[in-house]
Amino acid sequence: MGTSREIAIGPVAVVSLLLSSMVQKVVDPAVDPVTYRTLVFTVTFLAGVFQVSFGLFRLGFLVDFLSHAAIVGFMGGAAIVIGLQQLKGLLGLSRFTNSTDVVAVAKAVFSALHDPWHPGNFFIGCSFLIFILATRFIGRKYKKLFWLSAISPLLSVILSTAAVYATKADKHGVKIIREVHAGLNPSSVKLIQLNGPYTTECAKIAVICAVIALTEAIAVGRSFATIRGYKLDGNKEMIAMGFSNVAGSLSSCYVATGSFSRTAVNFSAGARSTVSNIVMAATVFIALEFFMKLLYYTPMAVLASIILSALPGLIDIREACNIWRVDKMDFLICLGAFLGVLFGSVEIGLGVALAISFAKIIIQSLRPQVEVLGRLQGTNTFCSVRQYPVACRTPAVQVIRIDTSFLCFINATFIKERIMEWVRAEVDTSNEKVRERVHSVVLDMSNVVNIDTSGLVGLEEIHKELASLGIQMAIASPGWQAIQKMKLAHVVDRIGEDWIFLTVGEAVEGCLTAHKGSAMEC
């Protein structure tokens, strides 16, 4: 149902962390595993419903609320938390914490170290972690050996299972999986509860999981669609992902999304259509039916090492440094998400990132750029004199550009005060001499797409204050919504239709002509 040809659907580390960490806060799986599974399937069903709704109602823009910087910070924090939680399997610990913050996990590790633990678990985990990372390095260096890194987790499971079985290491303290239920997933329709006592908590978790899963899936899909040169339809991807999760929730699966690593392997293997997902599904079915008994002696430590091997790809230090160089406010968003996840929870990390993101938008809306423009000599092009010092200002005419798309209550006063501050500075520089020379102010409103009543009042006040100084105000190139509202509010009538121009050049010409000047002075 989706438009991505290469994307591989399945469980991913970040969504798995989200789901397990948040559901564990509602019900402890060690105390009540049946209710825990019920909540997981209910969350998966609701996440699918939300994703389908997002696609049907064209709400793809909701995914964009999580900025690139927020995702980089969130992924980094989540990777560290996931890594710390794998210490339970890597060290073969029996007792551990369900909390996801780094402080609680660190305390659990230190307290558990006093309990008896077998170094064999640590040796197996570290050995195969090094093996997987080494094959990944070889696969990246030698492109023809890409398949080696792809099968290294499978090889790790096979080799470690065989080693434990041959040496009877499970008799000497090495933790193993033991029994795994074979066969296809049973139906979980009866386990989905939409009117139980935990419905509200499930809905909250489902919204977060749905948005994060869609963010990753669409990001993965767009990345490979760009390489292959075709367009991805975000809304169709949402619908497809939603139906996948609804179907999964009915057959004992939890939230799935597009996996970057599996998609990369799929792409490298030459996948050209979504038939590759059918092949993957068939392979999984065969494995579930015939190979589950072989996993009895698989050590828990090797599973931890496989998860740990995926984490370096989630911590993008280079991109965080790049964000710091480019935009300090974006880096603050990245840092907020990272620290929030690390020392609080997934919800806190996302909440902090969203709060800082909206604060950034509000701050930028409060104080938009207001630039003085000059003409590039020999042309009719006007640009910022701060950005282009070679641009010369037209004598007798002050040209000012308002750099905001929405002139509204939140910035109208700031813009008015900034404009009048510059005009008064020009007038007061040389008393009456300058006042005689500056007779017009042109407001370049080409960037102003829309305006509200506060913005209209602000324009009228600018016009009145300039008129009191004997200065004519002209407006150049306002957006069609802005000029329509200016007409309805009779602002155009007060300023005068003759002082509304299509371009800045025409406005300057008009002002100079009206005062018997020449626009060719610059």
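The backbone N, Cα and C atoms fix where each Cβ goes, glycine too.
Note: TrEMBL annotation is automatic and uncurated.
Annotation source TrEMBL lists domain 'STAS' at 407-511.
The transmembrane segment annotation in TrEMBL covers 7-27 (among others).
Sequence-distant neighbours of the transmembrane segment (39-57) (same chain, 6+ residues past either end, Cβ-Cβ under 8 Å): 19, 23, 26-27, 63, 188, 191-194, 196, 198-199, 201-203, 205-207, 209-210, 213-214, 235-250, 252-255. Marked as transmembrane segment by TrEMBL: 39-57 (among others).
Listed by sequence, the residues of this chain that lie at least six past the ends of the transmembrane segment (69-87) yet keep a Cβ under 8 A from its Cβ atoms are 13-14, 17-18, 21, 93, 96, 100-102, 105-106, 109, 215, 219, 304, 307-308, 311-312, 314-317, 319-320, 323, 327, 330-331, 333-342, 346, 349-350, 353-354, 357. The transmembrane segment annotation in TrEMBL covers 69-87 (among others).
If one looks beyond the transmembrane segment (120-138) by at least 6 residues along the same chain, the residues whose Cβ comes under 8 Å of a Cβ in the stretch are 89-92, 145, 148-149, 152-153, 155-156, 159-160, 163-164, 169, 172-175, 299-302, 304-306, 308-309, 312. According to TrEMBL, the transmembrane segment annotation covers 120-138 (among others).
If you look up TrEMBL, you'll see 145-166 (among others) marked as transmembrane segment.
Residues or ranges marked as transmembrane segment by TrEMBL: 237-257 (among others). Counting only same-chain residues 6+ beyond the ends of the transmembrane segment (237-257), those with a CB under 8 A from a CB of the stretch are 1-4, 9-12, 15-16, 19, 40-45, 47-56, 60, 184-189, 192, 209-210, 213-214, 216-218, 221.
Per TrEMBL, the feature transmembrane segment maps to 269-288 (among others).
As annotated by TrEMBL, transmembrane segment applies to 295-315 (among others).
Annotation source TrEMBL lists transmembrane segment at 335-359 (among others). Sequence-distant contacts of the transmembrane segment (335-359), counting only residues of its own chain at least 6 positions beyond either end whose CB sits under 8 Å from a CB of the stretch, comprise 17-18, 21-22, 65-67, 69-74, 76-78, 80-81, 100-103, 208, 329.
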Of the listed stretches 7-27, 269-288, 295-315, the one with the highest count of C-beta pairs below 8 angstroms to the transmembrane segment (145-166) is 295-315
For the domain 'STAS' (407-511), how many residues does DSSP put in helix, in strand and in coil?
65 helix, 15 strand, 25 coil
Please report, as numbers and ranges, the same-chain residues at least 6 past the borders of the transmembrane segment (269-288) whose CB is under 8 Å from any CB of it.
2, 4-10, 147, 150, 182-185, 262
